[in-house]
Amino acid sequence: MDLLRSHLHKVRIPEPTNRIHKDECCVSFDTPRSDGGLYVDMSSFLGFGREHVEWNFEKTGNPVYLHIVQRRKPEPDEADRPLKKPTLLAIGVEGGFDDREPEYDVAYEIIILPDFISLPFPSVDLPEKVRLAVDKVILAESADRKQQLAAWVADKKNISAYAMDLQQLDNGVTVPPTGWKCSKCDKTENLWLNLTDGMILCGRKLWDGSGGNNHAIEHYEQTKYPLAVKLGTITADLEAADVFSYPEDDSVEDPLLAQHLSHFGIDFSSLQKTEMTTAERELDANTNYDWNRIQESGKDAELLFGPGYTGLANLGNSCYMASIMQVMFSTHPFILRYFEKQSLKAAFATAPADPTLDVNMQMTKLGHGLLSGKYSAPTKEGQEGIRPRMFKSVIAANHSEFSSMRQQDALDFFLHLIDRVEQANPGNHELNPCSGFKFIIEERVQCPSGKVSYNKRSDYILSLSIPLHEATNKEQLEAFNEKKAAMDLDGKELSNEEIVRPRVPLEACLASFSGPEEIPDFYSTALNSKTTATKTAGFNTFPDYLVLHMRKFVMEAGWVPKKLDVYIDVPDTIDISHMRSKGVQLGEELLPEGASGDNKAEPGPVASEDIVSQLASMGFNYLHCQKAAINTSNTGVEEAMNWLLSHMDDPDINDPISKDSRASEQSVDEASVQTLISFGFPEDVAIKALKASGGNIEKATDWIFSNPEASSSASADSSTSNVNADDAIPDGSGRYKLMAFVSHMGTSTHCGHYVAHVLKDGRWAIFNDSKVAASVDLPKDMGYLYFFQRISD
């Protein structure tokens, strides 16, 4: 006790805004349920496993920790109870999915390092400051839980239209701090306080019979008093309280909640949270699904365990992230950077004060979690897998979509991951594992004059259209279509076994990329007029790892997205050496850089063909794509798409492009420019950011921080090259072997499910969230992203 008292200055009492990591170690995937439990630093509130807590003591000198150990309660009938297959798509009801979490006993003690001296908790002998600090840590929402809720409730609650002028009756009602009960029944949980008359009534009856008896909503229907707050969710943090508006039929924000509560004598600052909010209940219900049981594969696959065979538990629509990370940590650059050449201790030593916010620390943590084999152990269901919540939080920071719990496009996440990893390793090619994916494409444009221009751009993926007319099973397709038409007339449906899908060779998709493509409205500086030019493309360099994206998602008439129901015949090895570009050839004459000297016509604004072609491949109108690129100063595909989506209804969207229209559309407010300059940004960068952000200062600021290269790059209007001469871009043979692919099931990239297949130790393995197994029937022809590794010369 004397030793503890001597360290009291190192103990902090957490504030409501502190992030408390009591669910998981910040440098490993140890939890309170792991051997050794979890140690929470009572100064920084970071959690550490038994193997890692001493590192923190060495780094910070913080000696006092709360040790949390959870042990699963035994279930006597567990072994004898048969596992019933669900017959209903429902949770927690007879015939539905079992949502019961195992129960755990929790034990606490105070530990003083470096000698791991143990003091019991709770204990009246402990100093009051320690008792208060530990109580607050135990009662607080963990940082992990807060992050889940923030992601689940992605859209901020709207302020209720009834809050500011809410009627409150002077009926003498005073609500006690405890002992609540429904005024019309015996319910003591799920109680709602009507903020007009102070009535305490139970909530809605849920589909499984739980919840309340509908008395709160019946009271609204009788009185039309609009707002109610859920008792048990009111704490000093009023923003977290659950307020519901019956006429708006939604959870809402009440800016005057403190005033409305005090009307009934409620001192919110002294109340403790005792019930889950509606969002928390919804979160729990949706993340307790066992997605692997929902997917009946019908294959008796051998489950795999050990180093490199660790599953990633689904955090709620996180399969897009899991599939990409399993592939990335099967490549040599990522294995070397974050596992073989980077220890957890070294990563922690160089991490900032809060390692949960450091990309390199969390990448190293994930790498060791997946590759060490420590967390890949058999359970009754297969394996639990690791939950990469800290990784998801840091990699998706400030990204509105990836930080949500909505399904995302695996391709978008792959490109976002590369951006974040490169930002975390600026200018250091040796520490950047993404350089092996980078390559240069050279585009050749020839106008009718015979003169040519060359443009180089770097990329990380090769996006391929799928030429359905190149299908190798055309006869079977014709017979199938005739049969389907006849059955449609008879009102009959085909079975899955009868469906015939086009089979397109990968070679045809590659040929569609390198083949000639017409460019309408191309301004020729040789002819001083617009014309139709021809573009071809090839590889200037071949990457160590080649990622092929199959454009299975296309736009139909009316901007309706459609997924192509097609098989791609992909060989185990490919040779694309013939796709290497040749550069300027002997006898070729380059297009002049500017207009001819007679000044009869001046070149209009030039759109980046790279941006235009990528947008056009998504199904957008070519002219619209050109306008989008021009009006965002060729800053990037994402900026151009945002502009395009917000200007599609412009009355002049189909008008021809002219230099005058650009000058008027691209003018920016001088006051906004000066505001950004006052923030310390260069004038040219400020102008570029405002153009890319529609003149919005806040968005322009975000754009600058999201595009750090903008301050040092040349004018983005140039269409000659976006390749940095200092980039370390690999090159070598054009021969590759297939090492992984990511498949998608569903009608859209924003719904459905992603699964990864990886070639490991000479055999294919399937990574389906937390399930890892040997592949029985490899669906190689159903891939969405294909990953090829160069075959050494």
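If you go along the chain as it appears here, the first residue is 1 and each next one adds 1.
Placement of Cβ uses the backbone N, Cα and C atoms for every residue, glycine included.
Every protein chain shown contributes to the tally, and the Cβ of C319 (active site, nucleophile) ends up with 26 other Cβ atoms within 10 Å. As annotated by TrEMBL, active site, nucleophile applies to C319.
Taking all protein chains in view, 19 other C-beta atoms sit within 10 angstroms of the C-beta of H753 (active site, proton acceptor). Taken from TrEMBL, the feature active site, proton acceptor covers H753.
Residues or ranges marked as Zn(2+) binding site by TrEMBL: C182, C185, C202, H215. In sequence order, C182, S183, K184, C185, K187, L201, C202 make up the list of same-chain residues 6 or more apart from H215 (Zn(2+) binding site) whose Cβ falls under 8 Å from its Cβ.
Residues annotated as domain 'UBP-type' in TrEMBL: 158-268.
Annotation source TrEMBL lists domain 'UBA' at 606-647 (among others).
Confidence annotation: the domain 'UBA' (667-707) carries a mean pLDDT of 66 in the model. What TrEMBL records for 667-707 (among others) is domain 'UBA'.
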Sorted by sequence, non-C182, C185, C202, H215 residues with Cβ within 8 Å of centre, Zn(2+): S183, K184, D186, K187, L191, L201, G212, N213, A216
Sparsest-packed of the listed binding-site residues (C182, C185) - C-beta count within 10 angstroms: C185
Summary of DSSP states over the domain 'UBA' (606-647), given as helix, strand and coil counts: 30 helix, 0 strand, 12 coil
Cβ neighbour count (within 10 Å, all chains shown) around C202 (Zn(2+) binding site): 25
Length of the line joining the Cα atoms of H753 (active site, proton acceptor) and C319 (active site, nucleophile), in Å: 6
